[in-house]
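I have placed the structure first, in the form of structure tokens, so that the comments after it can refer back to it.
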Amino acid sequence: MALKQVSSSKCFGGLQKVFEHDSVELKCKMKFAVYLPPKAETGKCPVLYWLSGLTCTEQNFISKSGYHQAASEHGLVVIAPDTSPRGCNIKGEEDSWDFGTGAGFYVDATEDLWKTNYRMYSYVTKELPQLVNDNFPVDPQRMSIFGHSMGGHGALICALKNPGKYKSVSAFAPLCNPVLCRWGKKAFTGYLGTDQSKWEAYDATCLVKSYPGSQLDILIDQGKEDEFLTDGQLLPDNFIAACTEKKIPVVFRLQEGYDHSYYFIATFIADHIRHHAKYLNA
């Protein structure tokens, strides 16, 4: 699989790069960002995947979160993919900000219009890791995942659907129970159809209830002034209740005064990198 380098910039002794490739799963050109810490020059490093939220590309996280210093210090390769296929000429893909382009929801679509291209779940759990393992100095056995909002939902479901694949998981303001929120209902109806039992395979709160109990340490930060928390889009209480019932350890921190933005992410990003480094460098 040919990778084309789009950009490369030195940052905290390492290199922030962006690559483009033809995706087999998504049947379109896709970009993803890769941070190679200084340690990657001399050996294989653990790899941490970041999944972004609605409307984002691979650029938002790498330019706004300020993650590079912590990733450099802990010797982590960090991968940030795009949030959906692009330019597939599907009717309606550009019509709204919370469905279609920039809003892949990390599911494998089953509805006719979307099922050929909108396979972000398989892209981030299979195709992209394979590509990364083949082309960069990473240890495929040491992998973790985190994300924000729609991407926080993505990180949680990827970890919960694949026990043992990821050493750790964390999220900023994730959509914890999308089968019950407006964003989730709209996306799941469009991508997966009207049979709501199929939605549960991509809902963290539903997945926790049947999680087989392989050790997973979950960290979630949530801004208390987040408009989408107040609006009932995120529903963390449902997820925490399900984790408590299953005795799955989750550290949930409600952060006073913070909203849903990258200012919030930038404030706590070093904590999250530390959380993952603890498991990845063990």
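Cβ coordinates come from backbone N, Cα and C, glycine included.
A 10 Å cutoff on Cβ-Cβ distances gives SER149 (active site, charge relay system) a total of 25 other Cβ atoms nearby, all chains included. As annotated by TrEMBL, active site, charge relay system applies to SER149 (among others).
Per TrEMBL, the feature active site, charge relay system maps to ASP226 (among others).
Every protein chain shown contributes to the tally, and the Cβ of HIS260 (active site, charge relay system) ends up with 21 other Cβ atoms within 10 Å. Taken from TrEMBL, the feature active site, charge relay system applies to HIS260 (among others).
Comparing ASP226 (active site, charge relay system) with SER149 (active site, charge relay system), their Cα atoms are 11 Å apart once rounded. The 10 Å shell around the Cβ of ASP226 (active site, charge relay system) contains 21 further Cβ atoms across the protein chains shown. HIS260 (active site, charge relay system) is 8 Å away from SER149 (active site, charge relay system) when you measure Cα to Cα.
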